[in-house]
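Colleague: Attaching a single structure in C-alpha cells format; questions to follow.
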Amino acid sequence: MTLRQAIDLAAALLAEAGVDSARCDAEQLAAHLAGTDRGRLPLFEPPGDEFFGRYRDIVTARARRVPLQHLIGTVSFGPVVLHVGPGVFVPRPETEAILAWATAQSLPARPLIVDACTGSGALAVALAQHRANLGLKARIIGIDDSDCALDYARRNAAGTPVELVRADVTTPCLLPELDGQVDLMVSNPPYIPDAAVLEPEVAQHDPHHALFGGPDGMTVISAVVGLAGRWLRPGGLFAVEHDDTTSSSTVDLVSSTKLFVDVQARKDLAGRPRFVTAMRWGHLPLAGENGAIDPRQRRCRAKR
C-alpha cells in the first residue's frame, strides 16, 4: 500500500464516521506521524508496516471522534503553536478574530493586558508573542480556575512574560489590585447555552466547565463584563467572545453598565457574530457602584 492509498482509505473512514474535514484530518494525522508538514507528504517515504499500523490506530481514534488536536497534541493559534489535550478547551479559529482585533489596537509602551478565562493560554500567549515579534513589551496576566488548564497554559507560556493566576472570574471581589489599571482585557469565557447540542468532539472531550455558560450562555460573560468595568482604566479596551446567538444580549449587557462607549458587535472569520468590543470611559466606579468593591469587604486573594 502507498501512503496516498492509506490516506484515501482514512479519509473515507473519517467521512463515514461524520468527520466534516475528513480529507484534511487524514492528511494531518499522516503528517504528524511522519514528522513533516502536510504539504510535504508526497515527498515522504513511509518506513513500512510499522508506520501504517500506527496510522491505522490514530485514524481509528479520530473516527471515534477524538479531537484531532488531542491526537496531535498541538493546535496552531495566530503566531503560536499551543500544547493541548484532555482536560483543556481546544482554542478555535474563530477566537483568532479577537486576536486580530487586539493586535490592531494602539496601546501604551508597556501595557497591562488581562486574558480572563485563559484556558490553554491561547490569547495571552499569542498576544505576548505578537508583541515580542515587534520588539514590544507588556505585562500580561492569564486567569483561569482550572488546574488542568493552567498546567497546559504554563507549558505554553514558558519563555514568555505571561503571568498565570488561578482564580474564578465569577468571584465578586476578585483581584481588586487591578482596579483601574488594565489597558486591554480580552476573554473567551464559557458561553454556550446549557441546552445546546454539540458535536461529539466537543461534548465528549472538551471540559464542560469551559463550554457552558448557564441557561442562556450569559452567566460567565456577565461576570467578565463586571470585571472589565472595574479593572480597565478610562480609555482601556475590552473584547469578549460570545455564542453566535447572543450577540445582541452581549451588546445590551455591556451597554447597560453605562461604563463603556463604542460598544460594537463583531464577526468572526466565517462571518458569524462572535465577539463584542468596547472602550472604558469616564471615572472609575465608586465603592459598591456597578460591581465595584467596597473597601470594607474582605479582600479576596487569588492563589498564584
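Cβ coordinates are placed from backbone N, Cα and C, and glycine is handled just like the others.
From Swiss-Prot, for reference:
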type	residues	note
BINDING	D144, N188	S-adenosyl-L-methionine binding site
BINDING	N188, P189, P190, Y191	substrate binding site
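Could you give the neighbours, burial and distances for every feature on this list?
Modeller: Listed in sequence order, C117, T118, G119, L150, A153, L164, V165, R166, A167 are the same-chain residues six or more apart from D144 (S-adenosyl-L-methionine binding site) with CB atoms under 8 A from its CB.
Within the same chain, the residues at least 6 positions away from N188 (S-adenosyl-L-methionine binding site) whose Cβ sits under 8 Å from its Cβ are P91, T95, I98, C117, G119, A122, L123, V240, E241, listed in sequence order.
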Colleague: Around the substrate site formed by N188, P189, P190, Y191, list the extra residues of the same chain whose Cβ is within 8 Å of the site's Cβ centroid.
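Modeller: Surrounding the site, in chain order, are C117, S187, I192, A210, G213, V220, I221, V224, V240, E241, H242.
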Colleague: Out of these binding-site residues, P189, P190, which one has the fewest other C-beta atoms within 10 Å of its own C-beta?
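Modeller: Lowest Cβ count within 10 Å among the binding-site residues (P189, P190) is P190.
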